[in-house]
Amino acid sequence: MTWNKAPAADDDVSVSVDGGDTGHARLRELGYKQELKRDLSVLSNFAFSFSIISVLTGITTLYNTGLNFGGPATMTFGWFVAGAFTMTVGFSMAEICSSFPTSGGLYYWSARLSGKRWAPFASWITGWFNIVGQWAVTTSVDFSLAQLIQVIILLSTGGNNGGGYLASKYVVIAFHAAILLSHAAINSLPITWLSFFGQFAAAWNMLGVFVLMIAVPTVATERASAKFVFTHFNTENNAGIHSNFYIFVLGLLMSQYTLTGYDASAHMTEETKNADRNGPIGIISAIGISIIVGWGYILGITFAVKDIPYLLNPDNDAGGYAIAEVFYLAFKSRYGSGIGGIICLGIVAVAIYFCGMSSVTSNSRMAYAFSRDGAMPLSSVWHKVNKHEVPINAVWLSALISLCMALPSLGSLVAFQAMVSIATIGLYIAYALPILFRVTLARKHFVPGPFNLGRYGVAVGWAAVMWVATITVLFSLPVTYPVTKDTLNYTPVAVGGLFLLVLSSWLVSARHWFKGPITNLDG
């Protein structure tokens, strides 16, 4: 099926799907020569974003938060609230991606959409929020896998109440380091191998959700009623918060944290065939399918939930890791052994592993592009590609920084949570900036690509920007009262600190030499 070329900005939403790969020529038009191997299909592009979103990762990791703040009602309906607004962000990003399909993604978009005067500053701010946010995502994903391995070992050796082995924080950080090492090694392989792993990861996430959402409630000897799953609103949070609206808002964090990372499709466009069409498709399809599959996972697991306070109790067999306890109890109650639940946790662990792998892939492409434009210290080092056309140094840099970002966990989990908070808020700020420039400074001169929102582009863009502004405020609010140094929500401190660092580096140094994206064409 062949559609006509992209319509004018005031036409209806459309996408061109005509044949022929124009990726090399379009990249030259944007000022870059082809250095990475352009070998990814639309399926592979989708797979990277879908694997980073990874509903098995996000929901499993923050299911405790969802249960604690609102419980089943917040998770089942809040998922669609966050999902709907995330789609507005995704649609707006896809439209811009279609116009500017480069590995630089967000920071390149900001430069092109903010105008010549503001381009260097806009791309500097966006780029650093994007890359630090991505590193924080990799940190949180791989550290959450290390914690899950800790719980799997605990349950496999008898559980919290049966003399099981609880790995120390030093062992957990060692797990984290080993995971990152393996991810860096895999990402050093040619893109054809990464494409295979990415597609396998997407399939594993999809099938894993269906297996777990059916197996766990089926095996459980006691199941929650539909009324409980869809209407029960948990207000017993032991956090001193009594406002239902406040509780609901805090419960949204599980959903919003999960639905991040889909900028990977943009960062992989220089390795994707027909990138101005397939990049946007990768973004939108990854979000849309994740919303549907993720809701099924939430429902399936929540139908096996009966006693919320017990699941959150640190004295249970899983040490308070709610989903692990749900899986373990479901199989133990029916078969007298929780081994089946441990195997289910293994399915989740593999999904989280591939999520981290894809995250490192996306990190490295962003670092490669940002250093190509001279924005990073030692840019000439991180920009190098090996004989397989892989940005090998950027891969290992991303893994090293993600390891360093987890080290605060040895001193304080509060400090670590502040670091990881950048993974949600910091990354979404990077998402919102080019969209903001699209609907303001570039409103009259934005030239759409084959995929565009037509007359709805500005309205959808404003909805996306307002949503990001809203969650930035809401997720910076205290999560426990009274507020002390141990219960303070350090999100505004972490994100504000990042902003001050980036801004001060601009004022002191970068404004004198950073000119935004630069061409690397030979002539």
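Glycine is treated like the rest: Cβ placed from N, Cα and C.
Residues or ranges marked as transmembrane segment by TrEMBL: 42-65, 77-97, 118-137, 170-189, 201-220, 240-260, 281-305, 335-356, 394-416, 422-441, 453-477, 489-508.
Within the chain, the transmembrane segment (453-477) has long-range Cβ neighbours (under 8 A, six or more residues past its boundaries) at 7, 9-14, 85-86, 88-89, 91-92, 95, 246, 249-250, 252-253, 256, 421, 424-425, 428-429, 431-432, 435-436, 438-439, 443, 446, 489, 491-492, 495. Long-range contacts of the transmembrane segment (118-137) within the same chain, counting only residues at least 6 positions beyond its ends with a Cβ under 8 Å from a Cβ of the stretch, are 52, 104-112, 260-261, 263, 359, 362-363, 366-367, 370, 373, 375, 398, 401-402, 405, 419-423, 426-430, 433-434, 437, 441, 498-499, 502-503, 506, 510-511, 514-517. Taking pairs at least six residues apart, the transmembrane segment (240-260) and the transmembrane segment (170-189) share fewer than three Cβ pairs below 8 Å and do not count as touching. Among the recorded stretches 281-305, 394-416, 489-508, the one sharing the largest number of Cβ pairs closer than 8 Å with the transmembrane segment (170-189) is 394-416. Spatially, the transmembrane segment (77-97) is adjacent to the transmembrane segment (422-441); three or more Cβ-Cβ distances between them are under 8 Å for residues at least 6 apart in sequence. The list of residues near the transmembrane segment (422-441) in space but at least 6 beyond its ends in sequence, with Cβ under 8 angstroms from a Cβ of it, reads 89, 92-93, 95-96, 106-107, 109-110, 113-115, 118, 122, 125-127, 129-130, 132-134, 136-137, 139-140, 253, 256-257, 260-261, 263, 457-458, 461-462, 464-465, 468-469, 471-472, 475-476, 491, 494-495, 498.
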